Structure formats: structure tokens, C-alpha cells
Amino acid sequence: MTQIKNIGVFTSGGDAPGMNAAIRAVVRAAMYYGIEVTGIRRGYDGMGKGDFFTMNRKSVSNIIQRGGTILKTARCDEFRTPEGRKAAYEHLVKNKVDALVAIGGDGTFTGAKVFGSEYDIPVVGLPGTIDNDLVGTDFTIGYDTAINTVVDAVDKIRDTAESHDRLFIVEVMGRDSGLIALRTGIATGAEAILIPESKTGLEGLLNRLEFGRKDKTSRIVIVAEGEDAGGAFEVGRLVQEKFPNYDTRISILGHIQRGGAPSCMDRVLASRVGAAAVEALRDGHRNEMIGLINGEIAYTPFEHAIKHHQGIDPNMIKLVEMLSM
Ligand code: ATP
């Protein structure tokens, strides 16, 4: 058992629904074990500037249902430099913070890995990103809420598509990963999806529209923002050029996908891994992400968690095609 007296907690990178539930779990679990908690505002930026405050039970009252992050979040270029990380470490020492819980995505863990190798301070991470693009957890905190938001929005778009016999190209988030597009494509009965991992890409989509069933009245195509053809507007332009008879419209869902009250799944996930992070620090873990695999807490070294290898199951891509016949 490692004697940890004061855990610093922060959120970093893009915000995700459920981050607040994770902060709450870290604070309450730490109190349970008699450990103090220091809140660090705006991620690595606040760490480098000493923007710290003491948290207690009440600091996390009434936040489990709120989207965003009460600790705020930021991207911070100084932390990429040795001087920036030195300033952060000095503030941690000054404030007697002797362990860290980082809540964020792959960039956050890349920073944590570098920091943990330079300075003798245990750091563990919680997967907080809507992208679900980390290895070492079945789902990331925020993903479930985000995909439900997308499904809700696409269902509404479908009403218009059906009423006007239109083809809608809907762009969803996912710079490097098509996991949001894939799952929501299945759940909304999309005609096709276009994702960075796709082998057939734009050509596959155009073929599908050319040779697919002709008697459909509405069509939904889900496009991940990071796919190769250049996003929904470019895809829409090419589709319109090739199929001038289709009444094609574009919809970019944008930031609504990040916001809103976290789903039950995200709250429970965040609560479980948040409490487990405190226990992991007590048990001497460091430089690991705490995730959930098959319902069990899982510990994955940062360098492995950020490898993006969760990958896309080709059967899921086939499923979209098979079911939209
Ligand atoms: P999301 O997946 O939602 O975008 P993220 O955690 O990947 O979240 P990033 O903006 O990529 O978000 O990273 C967050 C912060 O982590 C960066 O602003 C930077 O301060 C820090 N960081 C990222 N990469 C490094 C690195 N190589 N060295 C040091 N710090 C880094």
C-alpha cells in the first residue's frame, strides 16, 4: 500500500459528458480513504500556472448529471516542452500533491506518460473522450451519451428526409476514428457510412448509391469528420454531381455531440473507474489508464492505451450494408 496523502485531479483535451461523474467519484472515493483532493483547473494549462483549489465532498455535490466539466479543460502547448512540465511539477510539489488522476483522451495520456517518466509522481488516467478510441476499455466516458445524441438527431433528420424524399449526408465527430459513425449508422438504419478506416471509401459509397435499391424514398449517409474524402460538404458535392436527380442535403451535427446530461451508462462507467483510480493509486499503480473490460476493472499502460488499435470490426461495416438493403 502506497501512502498517498493528496491526489490532484484534472480534465484535459476535449470535454465529454460523464467527466463530472468521474471527478465526483475520484473526490468521494479519496474522502472515503482519508485522502485529500486538489482540483486543478484547465488541465495541464492550470497545472503549469498553479490554478489549484482544495476539493471536498460538497465541491462535487449535484454534478453527476451535468455535462461538460466543472474543472474546465484546455489544450496546452507549454506542457509539450520540458520547461512547461517543470513549472507544473514545481506547482504540484508546492501544493503537496503527491499523485494525479488525469481524465482525458490519447493526447492527455501522452502528456501524462512523458510527465510520469520525467518526475517521480504516480499518475493514472481515466478514459474521458467521446471518440471511444482508446485501447484498454470497452467504452470511454462520454461515448454512450454522444452516440445517443447522434441517434436522436438523425431520427429527427430522417423525418424530413422521408417527407421530402431526400438524401441526407450527416457528418458526425471522429477525427481519426469512425467508431461514432459506425455504431450510429447501424442504429439509425443508414444507407451507408464513410469512415477513416473504410477500405472502399467514397468509391464504395458512390457504387452503393448507383447499384443499391432504387425504390427508397429517403436515404441517410453517415460520414465521420476525419474520413478521407474531405467531410460532408465535399462528399455532398460529389454525390450531387454524380446523382443530380437526388435531392441531397448536408447536416453537420458538430458540438451538440459533446454536450448534454450523461447517460446512465456513462455515469456508472465514470463512477466505477473514478473510484478504481483512487484504489489503484493506493495499490501502487502508475502510468496506467483505468478502464472497464467485460465488466471488470482493467489497467492498461499509457503507451498501450494510446495506440488506437481498438480498430473497426469489418463485420459491423458489413452489417450496415446488409441491413440497408
Ligand atoms: P480528445 O481525444 O477529446 O481530443 P485528448 O486528451 O486527446 O482529448 P489533446 O488536445 O490531444 O486531447 O491533448 C490534451 C493535452 O495533452 C494537450 O493540449 C497537451 O497539453 C498534452 N499533450 C498531448 N501530447 C503531448 C505530448 N507529446 N507531450 C506533452 N504533452 C502532451
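Each residue's number is its place along the chain shown, starting with 1.
Cβ from N, Cα, C; glycine included.
From a predicted model like this one, the values you see are computed outputs, not experimental measurements.
The ATP binding site annotation in TrEMBL covers Gly14, Arg75, Cys76, Gly105, Asp106, Gly107, Thr108. In sequence order, Ser12, Arg42, Gly43, Tyr44, Asp45, Gly48, Gly84 constitute the residues six or more apart from Cys76 (ATP binding site) in its chain with CB-CB distances below 8 Å.
Summarising the annotation, TrEMBL assigns ADP binding site to Arg24, Ala25, Val26, Val27, Arg28, Arg158, Gly189, Ala190, Glu191, Lys216, Thr217, Ser218. Under the three-state DSSP scheme, Glu191 (ADP binding site) falls in the coil class.
The substrate binding site annotation in TrEMBL covers Thr129, Ile130, Asp131, Arg166, Met173, Gly174, Arg175, Glu225, Arg249, His255, Ile256, Gln257, Arg258. The 10 Å shell around the Cβ of Asp131 (substrate binding site) contains 27 further Cβ atoms across the protein chains shown. Secondary structure at Asp131 (substrate binding site), taken from DSSP and collapsed to helix, strand or coil, is coil.
According to TrEMBL, the active site, proton acceptor annotation covers Asp131.
The ATP site is defined by Gly14, Arg75, Cys76, Gly105, Asp106, Gly107, Thr108, and by the 8 Å test on Cβ atoms against their centroid, the other residues of the chain that qualify are Ser12, Gly13, Gly43, Gly104, Gly111, Thr129. Of Arg24, Val26, Arg28, Gly189, Glu191, all annotated as binding-site residues, the residue with the shortest Cα distance to Arg258 (substrate binding site) is Arg24. In this structure, Cys76, Gly105, Thr129 are the binding-site residues from Val26, Cys76, Gly105, Thr129, Glu191, Ile256 whose C-beta falls under 6 Å of some atom of ligand 1. Neighbour density around each Cβ, counted as other Cβ atoms within 10 Å, peaks among the binding-site residues Val26, Met173, Ile256 at Val26. Closest in space to Arg75 (ATP binding site), of the binding-site residues given as Arg24, Arg28, Met173, Gly189, is Met173, taking the CA atom of each residue. Binding-site extent for ATP: residues Gly14, Arg75, Cys76, Gly105, Asp106, Gly107, Thr108, maximum pairwise Cα distance 14 Å (rounded to the nearest whole number). Counting Cβ atoms from all protein chains shown, Asp106 (ATP binding site) has 23 others lying within 10 Å of its own Cβ.
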